[in-house]
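The structure appears right after this line, and notes come after that.
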Amino acid sequence: MFDISREQQNMLEKNKDCVITFETNRERITIENTNIKDILSDRRIHIFALCITSDNIPIIGIRRTSFMYQSVISKRRSFSEILAVDINHLKYMYNNEIKEICIRSIVPFTYSGFNNFEELVLLGGRVKNKESIYQCLSRELSEESDGILTIKTFGNKILKLTIEDKILRRTFYGYCIVCFIDQLYSEIIKPLYNIEIKELGSLFDRSSNEKYEYLHFIYNTLLTYKYGGVL
């Protein structure tokens, strides 16, 4: 994974036009400074939050369904249709998803590469008509946490994220802001039942995840480097 240096971190802090790029086996991510005016000119805004608990733990969502499996299933024209899946892509799926893929293969097989894969995501989503970005985040955070999270305040600096999924050949655009919540970390560690997020967790506990380095960079940039000034 791309190794970000303190010099590059400072470069993004000081230079509005600077773009920092990370690359993993699966994704290419660019991160750059932006502002509210830039967001308002975007007609299809997706806004996300790097949430910080009241005891200063950055939290992320663990998605219920992997993007890889969702992509495979979305191409299925009937429930019984068998689809080709690259075995190298199974490592980006959950064990129960891999099991279903194995059962539905032309020649049923056993996959021995089971691991502790987690699909990490920032909380948030698309801004609806007549919503502000803050109203959108308030709604999304409530929905994705089963009503657990309540917002204390937002930061006033925003990053623009461009995420290219090299396997799925799709590119996602969004904006990220820091969000301080009222809850302690211990208050949010419980199973969730909404359709998108199965649990919330500490970013610090996911250092072995492919996405960790760029998510940690976002955390450092928005918080440690004073991009997270409170509104």
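Even glycines carry a Cβ here, placed using N, Cα and C.
Marked as active site, nucleophile by Swiss-Prot: GLU140. Neighbour count (other Cβ atoms within 10 Å of the Cβ, all protein chains): 22 for GLU140 (active site, nucleophile). Annotation note: GLU140 (active site, nucleophile) sits in a helical segment as assigned by DSSP.
What Swiss-Prot lists as Mg(2+) binding site is GLU131, GLU144, ASP165, and the listing cites similarity to another entry. When Cβ atoms from all protein chains are considered, those within 10 Å of ASP165 (Mg(2+) binding site) total 16, not counting its own.
For the domain 'Nudix hydrolase' (74-217), the mean pLDDT of the prediction comes to 91. The feature domain 'Nudix hydrolase' is assigned by Swiss-Prot to 74-217, with sequence analysis given as support.
Proximity of distant same-chain residues to the motif 'Nudix box' (125-146), defined by a Cβ-Cβ separation under 8 Å and at least 6 residues beyond the stretch ends, is recorded for 39, 44-49, 51, 61, 154, 175, 177, 179, 181, 188, 192-194, 196-197, 200. Summarising the annotation, Swiss-Prot assigns motif 'Nudix box' to 125-146.
Sequence-distant neighbours of GLU144 (Mg(2+) binding site) (same chain, 6+ residues apart, CB-CB distance under 8 A): GLY61, LEU123, LEU192, ASN194, GLU196, ILE197. Here the CA atom of GLU140 (active site, nucleophile) lies 23 Å from the CA atom of ASP165 (Mg(2+) binding site).
Around the Cβ of GLU131 (Mg(2+) binding site), the number of neighbouring Cβ atoms within 10 Å comes to 16.
Distance between Cα atoms for GLU131 (Mg(2+) binding site) and GLU140 (active site, nucleophile): 12 Å, as a whole number.
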